[in-house]
Amino acid sequence: MFCIQCEQTIRTPAGNGCSYSQGMCGKLAATSDLQDLLIYMLQGVSVYAVKAREQGIIDAEIDSFVPKAFFSTLTNVNFDDERIMAYAQQAAKYRTQLKASYEAACEQAGIVAEQVPQVAQLVLGTSKVEMLAQAPIALLNKDKHNVHEDIMGLRLLCLYGLKGAAAYMEHARVLGQTDADVAGRFHEIMSFLGEPSVDGDKLFTTAMDIGQLNYRIMAMLDAGETQAFGHPEPTVVNTKSVKGKAILVSGHDMKDLELILEQTVGKGINVFTHGEMLPALAYPAFKKYPHLVGNYGSAWQNQQQEFANFPGAVVMTSNCIIDPNVGSYSDRIFTRSIVGWPGVVHIEGDDFSAVIDKALVLEGFIYDEIPHTITIGFARNALMAAAPAVVENVKSGAIKHFFLVGGCDGDKADRSYFTELAKSTPKDSLILTLGCGKYKFNKLEFGDINGIPRLLDVGQCNDAYSAIQLAIALAEVFECNINELPLSLVLSWFEQKAIVVLLTLLSLGVKNMRTGPTPPAFLTANLAKILEEKFGLRNTTTVEADLKTMLNVA
């Protein structure tokens with residue numbers, strides 16, 4: 001086992017990364033090894049997808065499968081060995097299919113089929129024992145003694161960034177948004193990473209390419225969500241419990257929420273969002289469901305307590321899931337799509353009757369709590385609608401600075417930095433937030449500036465796209481570039497979606513960002529120095545010191 005993809009990975013003087021019997025996330029060594037083998041098989045599929053494209057062969061089904069299966073290897077997504085093995089076996093079938101199509105096309109064209117690298121040649125074992133025996137060939141640091149640590153760090157930066165992009169591709173696909181050119185570029189990068197490179201410049205360029213690719217993917221996802229559900233609008237949301245039977249929907253998948261809402265109409269069941277599903281309450285399409293009553297709980301790391309206390313059924317539509325046995329709710333939590341946990345019921349297809357039946361036999365909330373409301377829904381259209389008022393307030397001096405504070409949440413104590421930062425921002429500044437990092441401060445009162453709320457909840461982590469659009473619009477109005485705006489970006493990271501959002505911002509030329517609370521363990525000190533020199537990217541320090549720098553206070 002070797003896994004170093006998330007913020008909570010083991011860090012020791014002897015080396016970084018989870019490499020024992022179990023990762024810090026609870027992932028067993030066998031699960032980690034099977035995930036590595038799955039990635040290896042997917043890279044082999046991409047090798048042939050690239051070759052097939054050269055002969056004019058595009059398979060949309062395979063284009064969708066590879067990022068979806070890749071998504072299953074993200075932090076806190078799939079811990080079910082059987083499901084991971086099934087993905088690997090399907091990858092082997094697709095690779096064989098593409099190989100045959102490619103070779104047939106070459107024969108028809110009168111050309112010789114090209115040799116493929118080792119990553120596209122592995123004959124996958126048929127049992128778990130055989131697959132685990134093959135896993136060393138796919139170990140991410142298998143050649144660590146032969147390559148410089150900076151090269152290893154760049155490889156992992158690319159791999160983990162592409163994982164994040166794959167997740168957004170799958171979210172977009174569910175909403176009907178696919179793009180053959182995007183899929184083709186994705187396969188090219190997967191294929192490249194399947195042949196471990198020692199070219200630092202090429203790897204760095206690839207990391208930026210992944211960022212550019214993800215910008216296109218975020219635009220696709222934005223289009224998918226807004227076309228399906230309308231543009232989010234400022235919305236007041238209750239965060240307390242409501243009497244009645246209950247279902248809690250966590251993850252990121254708006255389509256699953258819609259299916260659950262449709263199937264619970266008239267059933268006497270209240271539906272709550274959780275975590276990154278909170279932004280759903282701002283979409284017009286969901287407001288026709290009076291039984292979508294609010295948001296329950298906070299970010300992913302608190303779920304073992306929050307789900308244990310929730311008196312209904314829980315659905316995990318995507319990341320992040322952690323051990324449901326700790327809170328003794330494994331019999332009433334359901335996984336969906338790429339999510340998996342051994343022994344937990346997995347919902348296939350679009351029928352959520354098992355979830356509904358479970359909710360109906362559970363007690364539900366026995367009384368209404370006194371409501372506590374927050375305001376959400378400041379995504380792209382709402383931000384653009386507010387832009388003229390924002391510009392006038394900037395010109396008048398009422399608004400002097402913008403902060404984007406968001407990203408992933410986590411359970412480390414030093415993440416209190418983000419709470420204190422938000423609380424310490426000047427009263428003449430606006431705070432944009434997104435991702436589950438918002439839960440560090442989104443229930444606090446920040447007031448407004450001439451009717452403009454000081455705290456603007458942009459949405460999910462992928463809604464960084466909306467914040468980028470606002471920054472571009474403001475830069476155009478003030479005839480400057482983004483880096484000349486009075487704008488400070490402070491990103492909390494935990495896993496691979498945050499990594500690819502960071503790469504996206506860097507690829508767009510955004511500079512002087514801060515990330516925290518700790519730097520990725522796979523980034524060497526030398527790589528961190530290069531990123532600081534090239535982009536001004538640095539780690540958070542103290543709220544007082546960082547604010548002075550961001551506000552240019554001597």
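Cβ coordinates are placed from backbone N, Cα and C, and glycine is handled just like the others.
Residues H252, C320, C408, C436, C461, E495, K497 are given by Swiss-Prot as hybrid [4Fe-2O-2S] cluster binders; from E225, E233, E276, E392, that same site also lists E276. Sequence-distant neighbours of E495 (hybrid [4Fe-2O-2S] cluster binding site) (same chain, six or more apart, CB under 8 Å from its CB) are Q5, C6, E7, L74, T75, N76, G164, N319, C320, C408, listed in sequence order. The secondary structure of C25 ([2Fe-2S] cluster binding site), as reduced to three states from DSSP, is coil rather than helix or strand.
Nearest by CA distance to C18 ([2Fe-2S] cluster binding site), out of the binding-site residues H252, E276, C436, C461, K497, is K497. Secondary structure from DSSP puts C408 (hybrid [4Fe-2O-2S] cluster binding site) in coil. It is 21 Å from the Cα atom of C461 (hybrid [4Fe-2O-2S] cluster binding site) to that of C25 ([2Fe-2S] cluster binding site). The binding-site residues shown are H252, E276, C436, K497; of these, the one with its CA atom nearest the CA of C3 ([2Fe-2S] cluster binding site) is K497. The separation of C25 ([2Fe-2S] cluster binding site) from C436 (hybrid [4Fe-2O-2S] cluster binding site), Cα to Cα, is 18 Å. Note: the Cα of K497 (hybrid [4Fe-2O-2S] cluster binding site) and the Cα of C25 ([2Fe-2S] cluster binding site) are spaced 16 Å from each other.
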